[in-house]
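Presented below is the structure to which this report refers.
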Amino acid sequence: MKLSGSSALLLLGFGLLGHASPLVHVQGKNCTVKPLGHGQDDVPNILHAVEKCGQTPGGRISLPAPYTYRINQRMTTHLESSTLEVGGMLLFSDDITYWVNNSYRIDFQNQSTAWRITGHDYVVDGGPERGGIDGNGQLWYTWAKGGSNVFGRPMPLHVLNSTRAVLRNIAIRQPQFWAVLVESSSHVELDNFYVNATNSDPNATEDTVWIQNTDGIDTYRSDHVTITNWVYEGGDDAVAFKPNSTNIHVENVTVYGGPGIAFGSLGQYPDRYDIVENITVKNANFQPSSQRAMNSGIYFKSWIGVNFGVPPNGGGNGHGYVRNVTVEDITFKDVQLPIYIDTCLSYLFDQNVTQYCDTSTFRFDDLHFRNISGNGLATPTNYTGRNITFAVSMICSKEAPCTDITFEDVDIKLPESYSGKSVLCENAGVQGLECNS
C-alpha cells in the first residue's frame, strides 16, 4: 500500500509521541529519554518512560546530561520503587497563557503547580552535576511586575501524596513561583538542592526586585520531612512551614537574600485548624545577596484574628498553634530583622489591618533558640502598626500570649550608632534575654 505524503507524516508524528518513539530507549527495567529538540514538547516521551519503567521495582528512568527537555504542558509522574535520574535540564515553556489556564490547582492561597511527582519508595536524583529545572522565571517576574501572589504562576516541582521519597542533587534556576512544594506527603528527604531566582529586568526598582514569591521550599500537610544541604538565593522564604507541617528537620542551609526561614503563614482560613509542631532548624546562615537584602532570619507569622478580605492576600481568623520548635547554630550577617513573631499578618497593604493586631488567637508556644550569633541592621519596620527596630521581637497577640520561649547563647550585635531597644517582648513569656519593652 502506498501512503500519501501527509499520511506518512501523520503516522510519523504518532510514532514520535506514542509507544514506538525511537527517543525512548527501553531495556528491561531501564528507560532512557532523548529530547525531540527544536522546542518540541518532551512531556509525552517522559510520561511514556515513566509508564514503562517508573512503576516497576528497581526501575530507572534517565534524562541524561547534557540534554535540555522542553516541558510545554503540565505533567504528573507517578513513581513506585523506582528512580528518576534528571541529569539534564527540564526547561518550562514560555507560554504564560497556557500555564495560567492549565496548571494544577491546590487549595491553599489559590496557588498552582506545573510538575507533580506522586508515589512511594522512589528517588529523584540530579546526579553529580546537579541537573534539574529551569523555570523560565524571568518572563514571570516581568509579567507579575512585583505583584504579590499573582494568580497562575506555577511552581515547577510539587511532591504530592508521596511516601518514603528521596530527592537529591537538584538545581532549580529561575523558578516561576515557589520552587518546591511538599504536600500531603510523609517521610520525604530533600538533600543537596540549589535554588536561584535572579531578576534581570531593569524596570524593577523596589526592594523586592520583582522576585518575591520565589520561595525555596514550602511544606504543607506533610509529616517527617528532612531538608538538608540547601543553598538558596532569591527574594522570598528559603524554607516555609505552611499549615500542618510536623516533624520537620532542616539542617545545613545557606540563605542569600529574602525573608529567611518562615513558620507560616498560618491562621489564614477561619474554617481550618493549622498545626506546625516538632520542627528543628540547625546550622543555618543568612546574608544579603547581590540583588536582595536579607530582610529577616527566623520568623513566625500568623494572620490577624479577623477574616478580612479573601486569599491569597487577605483572610484571617484561623486557629491553631506552633509548638516544640528548636532553632540552633544560626549565623546572621547584615540581617534587617533577625528573629521575630508577627501575629498581625495580612497582605492587603492598602487597608488599615493593623487595627486588628491584637485579635489573633493563633498560639506560639515552646520555642527554643540557642547558639545564635551575628549582626542585625536595626532596620525600622511597622508590621505591628508601630515604627519599631530590634534584634529580637516577641510581640504576641493579647488574645493568645506566647509561652515558654527560651534563648541560650544568643549574641546579635546591632550598629554602634543604634541606641534604641534590642529585645521587644509583649504578651510573651521569654527566658534567657532581657526584654527592653
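Glycine is treated like the rest: Cβ placed from N, Cα and C.
Positions annotated as active site, proton donor by Swiss-Prot: Asp236. The disulfide bond annotation in Swiss-Prot covers Cys396-Cys402, and the record cites similarity to another entry as its basis. Annotation source Swiss-Prot lists N-linked glycosylation site at Asn30, Asn101, Asn161, Asn196, Asn203, Asn244, Asn252, Asn278, Asn324, Asn352, Asn382, Asn387 (among others). The feature repeat 'PbH1 1' is assigned by Swiss-Prot to 222-243. The repeat 'PbH1 2' annotation in Swiss-Prot covers 245-265. Residues or ranges marked as repeat 'PbH1 3' in Swiss-Prot: 276-302. According to Swiss-Prot, the feature repeat 'PbH1 4' maps to 322-343. Per Swiss-Prot, the feature signal peptide maps to 1-20; the stated evidence is sequence analysis.
Where Swiss-Prot records a feature, it is marked here on the structure.
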| residue | record | DSSP (3 states) |
| --- | --- | --- |
| Asn30 | N-linked glycosylation site | strand |
| Asn101 | N-linked glycosylation site | helix |
| Asn196 | N-linked glycosylation site | strand |
| Asn203 | N-linked glycosylation site | coil |
| Asp236 | active site, proton donor | coil |
| Asn252 | N-linked glycosylation site | strand |
| Asn352 | N-linked glycosylation site | coil |
| Asn382 | N-linked glycosylation site | coil |
| Cys396 | disulfide bond | coil |
| Cys402 | disulfide bond | strand |
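Here the repeat 'PbH1 3' (276-302) has, by DSSP, the following mix of helix, strand and coil residues: 0 helix, 21 strand, 6 coil.
The closest partner of the residue listed as 'active site, proton donor' among the recorded positions, by CA position, is Asn203; the full candidate set was Asn203, Asn352, Asn387, Cys396, Cys402. Counting residues of the repeat 'PbH1 4' (322-343) by DSSP class, helix then strand then coil, yields 0 helix, 22 strand, 0 coil. Around Asn324 (N-linked glycosylation site), a 10 Å sphere centred on its CB holds 17 further CB atoms from the protein chains shown. Note: Asn161 (N-linked glycosylation site) has non-local neighbours Thr118, Gly119, Glu183, Ser184, Ser185, i.e. same-chain residues 6+ apart with C-beta under 8 A of its own C-beta. Note: the CA-CA distance between Cys396 (disulfide bond) and Asn387 (N-linked glycosylation site) rounds to 16 Å.
Of all the glycosylation sites listed (Asn244, Asn278), Asn244 sits in the most crowded Cβ setting, with the most other Cβ atoms within 10 Å. The Cβ of Cys402 (disulfide bond) has Ile341, Arg363, Phe364, Asp365, Leu367, Met394, Cys396, Asn427, Ala428, Gly429 as same-chain neighbours under 8 Å, each 6 or more residues away in sequence.
Restricting the glycosylation sites Asn30, Asn196, Asn278, Asn352 to those with a CA within 10 Å of the CA of Asn324 (N-linked glycosylation site) leaves Asn278, listed by sequence position. For Asn203 (N-linked glycosylation site), the spatially nearest entry among the glycosylation sites Asn30, Asn278, Asn352 is Asn352, judged by CA separation.
On the backbone, the CA of Asn278 (N-linked glycosylation site) and the CA of Asn30 (N-linked glycosylation site) stand 39 Å apart.
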